[in-house]
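K.L.:
One structure is given below, represented as structure tokens, and several questions about it will come after.
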Amino acid sequence: MKYFILSLGCTKNQADSEVIMGILESKGYVRSLNPEESDLLIVNTCGFIAAAIEESIEEILNLVHLKKPGQKILVAGCLVQREGKELAKHLPEVDLFFTPREINNLDKLLADLGENNKLVLSEPGFLNLEKKPRAKSNEVYRYIKIADGCDNRCTYCTIPAIRGKYTSRPLDDILEEIKDTLKQGIKEIILVAQDTTAYGIDLYGEFKLVELLRKIGSIKGNFWVRLMYLYPDKITPELINEIKENPKVIKYVDVPLQHIHPEILKKMGRKGSSEEIISTLERLRKEIPDITIRTTFIVGFPGETEEQFNYLLDFVKKFKFNRLGAFPYYREKGTPAAKMKGQIPKKVKEQRYEKLMEVQQEISLNLNKALVGKKIPVIVEKKIRGENLYLGRTYMDAPEIDGIIEIKAEKRLKKGQIINVLITDYDIYDLKGEFIND
């Protein structure tokens, strides 16, 4: 028996998909990359924004079009949590819709898989507290979900409604999964949650990310720990010091800011003032000079004036983020922002997005140019054309969202090997370099 799975959306969804895969493989299923030869066709959907919903529905319809007698289609994930009843009504070809928490019951759902499509809904959120098996979809890195849900109430965001209240995993459970992951040969641990900095507050009554990092740091071995989704209002001096001093924690932080103008931040429901945010960012750079700071911005939020957008643009020019992503604002039903006055025309939002990314591209090009001649820690991902060329990522680059580096090496390199590379060439986002055998 074979299964085909397509995981859409965020890193947390990828972690959930690997649990689905692990359950299936424990039952004897073998993963296939070809849906036409598979018995089970699975889409783990994203329901965050309109574009993600459209992509999810398009992929479901693609599988419906391919479906042959005897094949079963399963649809999971956030879109089922958000729009399950509508999906089941309009897609009778799908055999099973189930929400993230129902991954715990996947064994039973598969056993009960009948001829008619079925919808199984539950409370939002999934943390695999039952320790279901997890498959390995990548040999180099793994996303470790330390919490699910969100208690922040950003006015544009649907996540609290889809994933539920913020729920942390027990610290020992996380450490156990990390140790098991390292035993499998994976060398990069990426800690993720909707708000990684809030870890532990619901479970222990206080923030526990620093303690978690210290305990991870005591695990033997040569591996990286990467931090994603840090909220600026919870980046404490203690956390900054731990990132600085812990040799396992690479000097990279993903800090989604969404905006910097005080009035827009207030309308977004973001915590912390512009001054506090800037102070935190400056402290990160002062304490850890070689740190890479990634952020994300939303342009075209309701009521955003040209002056407020230029305020954001000037800030980006001045601060020079190492990595930056941006999105035009999406009007999501059920959110306070969707009802706000001053909705920005699509064309204006797109123009602002293009303008921001043009500024960032110039910044990125200059930052990469400055790396030429320097030695940078790199993790090897795979071998490419020729006998001595490999692809990897510097510590400054997270998988899928940041750049890559082409490595020339006279000796054979292994996947997951952490090496020093001399930077020899660059473009806007990517680098080239030579392996230095120190």
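Just so you know, glycine gets a Cβ as well, placed from its N, Cα and C.
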K.L.:
Based on Swiss-Prot, name the residue from C10, C150 that is recorded for the same [4Fe-4S] cluster 1 site as C46, C78.
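P.N.:
According to Swiss-Prot, the candidate sharing the [4Fe-4S] cluster 1 site with C46, C78 is C10.
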K.L.:
Around C46 ([4Fe-4S] cluster 1 binding site), how many other CB atoms lie within 10 A of its CB?
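P.N.:
Step by step: centre on the Cβ of C46 ([4Fe-4S] cluster 1 binding site), count other Cβ atoms within 10 Å, giving 22.
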K.L.:
Over the span of the domain 'TRAM' (369-437), count residues by DSSP class, listing helix, strand and coil in order.
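P.N.:
Summed by class, the stretch gives 1 helix, 34 strand, 34 coil.
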K.L.:
Averaging the per-residue pLDDT over the domain 'Radical SAM core' (136-366), what integer do you get?
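P.N.:
Here the predicted model's pLDDT, averaged over the domain 'Radical SAM core' (136-366), is 95.
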K.L.:
So among C150, C154, C157, all listed as binding-site residues, which is physically nearest to C46 ([4Fe-4S] cluster 1 binding site)? Use the C-alpha atoms.
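P.N.:
Checked the binding-site residues C150, C154, C157; minimum Cα distance to C46 ([4Fe-4S] cluster 1 binding site) goes to C157.
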K.L.:
Run through the domain 'MTTase N-terminal' (1-115) and tell me, per DSSP, how many residues are helix, strand and coil.
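P.N.:
Its residues divide into 61 helix, 23 strand, 31 coil.
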K.L.:
Going along the chain, which residues six or more apart from C154 ([4Fe-4S] cluster 2 binding site) have their CB under 8 A from its CB?
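P.N.:
Result: Q258, M268, G269, R270.
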K.L.:
Take the C-alpha atoms of C78 ([4Fe-4S] cluster 1 binding site) and C157 ([4Fe-4S] cluster 2 binding site) and report the distance between them in angstrom, rounded.
P.N.:
13
